[in-house]
Amino acid sequence: MAIIYLILLFTAVRGDQICIGYHANNSTEKVDTNLERNVTVTHAKDILEKTHNGKLCKLNGIPPLELGDCSIAGWLLGNPECDRLLSVPEWSYIMEKENPRDGLCYPGSFNDYEELKHLLSSVKHFEKVKILPKDRWTQHTTTGGSRACAVSGNPSFFRNMVWLTKEGSDYPVAKGSYNNTSGEQMLIIWGVHHPIDETEQRTLYQNVGTYVSVGTSTLNKRSTPEIATRPKVNGQGGRMEFSWTLLDMWDTINFESTGNLIAPEYGFKISKRGSSGIMKTEGTLENCETKCQTPLGAINTTLPFHNVHPLTIGECPKYVKSEKLVLATGLRNVPQIESRGLFGAIAGFIEGGWQGMVDGWYGYHHSNDQGSGYAADKESTQKAFDGITNKVNSVIEKMNTQFEAVGKEFGNLERRLENLNKRMEDGFLDVWTYNAELLVLMENERTLDFHDSNVKNLYDKVRMQLRDNVKELGNGCFEFYHKCDDECMNSVKNGTYDYPKYEEESKLNRNEIKGVKLSSMGVYQILAIYATVAGSLSLAIMMAGISFWMCSNGSLQCRICI
């Protein structure tokens, strides 16, 4: 009877409640932190772009220079198969095949070719300027050509160069100069012919022991032809060696030769500089536009990182080798479990989130005689939202020193340098990737701790208002010692709770409940003593009965000695 009375009493005195909690939803988004892996959160943002469209596009409305079957050398020298490239508009980047067919039609080499390609990564337009017209070489033949560069079966030559040979039986010293008054630097290319034997040397130049001299304010280069027997390429045993230089504004370049000079007819004024590059690709230009191009395809994204390809041109995210970079923006997603009550362990004592609270990250659940309901705490939610909104920008700012993997090419004699360069670039990218991943892990840890702290702060804010007018239930909830209607609940939520107004009522109810607890302790003590005595007596009677039965059937002998 006493137990029933206590149950009814405690049911009757259960007061109104208000609980502090946080948002939960059906999200399956997972993030990693320094300490945990695959933490489910309510909201997250993937900051790694993994896709491309597989197309080569215009970059910011400007098409690339599509070389087709021509190489960089074939374009600049003027291979007859590259006539469509004799005049090209501004380009955004250059598309070159891996092994273009039309390069040096007359076999030979191009000195510092890789450096020339690197120069093109900062050039967006050349203006072709005639610097040494053919008709200025009045004492030499300027119609030299070769079947290696044939057009329609007839011998021809590089369109931008002039092959000077003897006029009749004489090859006087050839001299030419050009003063760069264009207002920009100018790319100038020239060449030296290396015959197969002395007979060819005399046939073309009359002189033996010739030289080619080129000079500027910063360049002094003198070359002599190397006569040697070589295997034929494109039907030619001779070779042509091309060189280049950048002629500064107001500087002059001077040519002097007694034979074997391949003179430039045109130079290339660098009329526009900017971020460009050479895309090694077998693809063709498609009808599309982008702000970021890779050899694999265009990237159209606002994300700060990508893992598509290390070589990019345009306004591109930063390249990392990572497979996953996800930033937590929401809270740990721990939906409410009915059997465990309303809460779970986000702030150390709250056991689960509320899917019913959809208009904020943190808030309240109340219950009183007028009903129950959820309400978000707009102030703390807004502050948290403002703090996290700039998280992606913060990550970008911390990673603002982009390591740029530039596509470099190396000659056959520089393979060891190429391997070293590749290792260095791979090392830089590894470090860059590690930094990005570590930064994301740290930011995720901070975000989850930040949310945890905000819930705890909201709980403390309510606790400081209510003080001893409530009882802390230990699960994020407070039970009032006084009646708290909806107006009272709203005052708690907006921070205007009137503690003195309810102080006296709370004090009376608190003392009454304490009295019930004290009286109930006496009842429990009597019940405990009664249960102990009754249990001992029952055990003694049972033992006596067993002993009597065993004595009666002879299983137990009893001797009484006097």
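Note that Cβ sites are derived from N, Cα and C of the backbone, with glycine treated the same way.
The feature disulfide bond is assigned by Swiss-Prot to Cys57-Cys288 (among others), with sequence analysis given as support. Residues within less than 8 Å, Cβ to Cβ, of Cys288 (disulfide bond) and separated from it by at least 6 positions along the same chain comprise Asn53, Lys55, Cys57, Lys58, Ala298.
Note on Cys70 (disulfide bond): other Cβ atoms within 10 Å of its Cβ, all shown chains, come to 23. Here Swiss-Prot flags Cys70-Cys82 (among others) as disulfide bond.
Spatially close to Cys149 (disulfide bond) yet at least six residues away along the chain are Asn79, Pro80, Cys105, Tyr106, Pro155, Ser156, Phe157, Phe158, judged by Cβ distances under 8 angstroms. Annotation source Swiss-Prot lists disulfide bond at Cys105-Cys149 (among others), citing sequence analysis.
Cβ contacts within 10 Å of Cys292 (disulfide bond), excluding its own Cβ and spanning all protein chains shown: 21. Following the DSSP three-state reduction, the secondary structure of Cys292 (disulfide bond) is strand. Marked as disulfide bond by Swiss-Prot: Cys292-Cys316 (among others).
Spatially close to Cys484 (disulfide bond) yet at least six residues away along the chain are Gly15, Asp16, Ile18, His366, Asn368, Val492, Tyr502, judged by Cβ distances under 8 angstroms. What Swiss-Prot lists as disulfide bond is Cys484-Cys488 (among others).
Other Cβ atoms within 10 Å of the Cβ of Asn25 (N-linked glycosylation site) number 18 in total over all chains. Following the DSSP three-state reduction, the secondary structure of Asn25 (N-linked glycosylation site) is coil. Here Swiss-Prot flags Asn25 (among others) as N-linked glycosylation site.
Over all protein chains present, the Cβ of Asn26 (N-linked glycosylation site) has 8 other Cβ atoms lying within 10 Å. Under the heading N-linked glycosylation site, Swiss-Prot lists Asn26 (among others).
The N-linked glycosylation site feature in Swiss-Prot is assigned to Asn38 (among others); the stated evidence is sequence analysis. For the recorded site, Asn38 (N-linked glycosylation site), the DSSP three-state label reads coil. Within 10 Å of the C-beta atom of Asn38 (N-linked glycosylation site) sit 8 other C-beta atoms, taking all shown protein chains into account.
Under 8 Å, Cβ to Cβ, and six or more positions away along its own chain, Asn179 (N-linked glycosylation site) finds Trp250, Asp251, Thr252. The N-linked glycosylation site feature in Swiss-Prot is assigned to Asn179 (among others); the stated evidence is sequence analysis.
Under the DSSP three-state reduction, Asn180 (N-linked glycosylation site) is assigned to coil, being neither helix nor strand. In the structure as shown, the Cβ atom of Asn180 (N-linked glycosylation site) sits within 10 Å of 22 other Cβ atoms. Residues annotated as N-linked glycosylation site in Swiss-Prot, with sequence analysis given as evidence: Asn180 (among others).
There are 15 other CB atoms within 10 A of the CB of Asn300 (N-linked glycosylation site), with all protein chains counted. The N-linked glycosylation site annotation in Swiss-Prot covers Asn300 (among others).
Asn494 (N-linked glycosylation site) is surrounded by 11 other CB atoms, counting those within 10 A of its CB over all protein chains shown. Classification of Asn494 (N-linked glycosylation site) by DSSP places it in coil, neither helical nor stranded. Under the heading N-linked glycosylation site, Swiss-Prot lists Asn494 (among others).
Per Swiss-Prot, S-palmitoyl cysteine is recorded for Cys551 (among others), and the stated evidence type is experimental evidence.
The annotation S-palmitoyl cysteine is assigned in Swiss-Prot to Cys558 (among others) on the grounds of experimental evidence.
Under the heading S-palmitoyl cysteine, Swiss-Prot lists Cys561 (among others).
Taken from Swiss-Prot, the feature signal peptide applies to 1-15, supported by sequence analysis.
The Cβ of Cys105 (disulfide bond) has 25 neighbouring Cβ atoms from other residues within 10 Å, across all protein chains displayed. Comparing the Cα of Cys488 (disulfide bond) with the Cα of every entry in Asn25, Asn180, Cys292, Asn300, Asn494, these being the recorded positions, the smallest distance points to Asn494. Spatially, by CA atoms, the recorded positions Cys70, Cys292, Asn494 include one closest to Asn38 (N-linked glycosylation site), and that is Cys292. DSSP assigns Cys149 (disulfide bond) to a strand segment in the three-state reduction. The two recorded residues Cys316 (disulfide bond) and Asn300 (N-linked glycosylation site) have their Cα atoms spaced 9 Å from each other. Using a 10 Å Cβ-Cβ cutoff, Cys488 (disulfide bond) registers 19 neighbours.
In the three-state DSSP scheme, Cys57 (disulfide bond) falls into the strand class.
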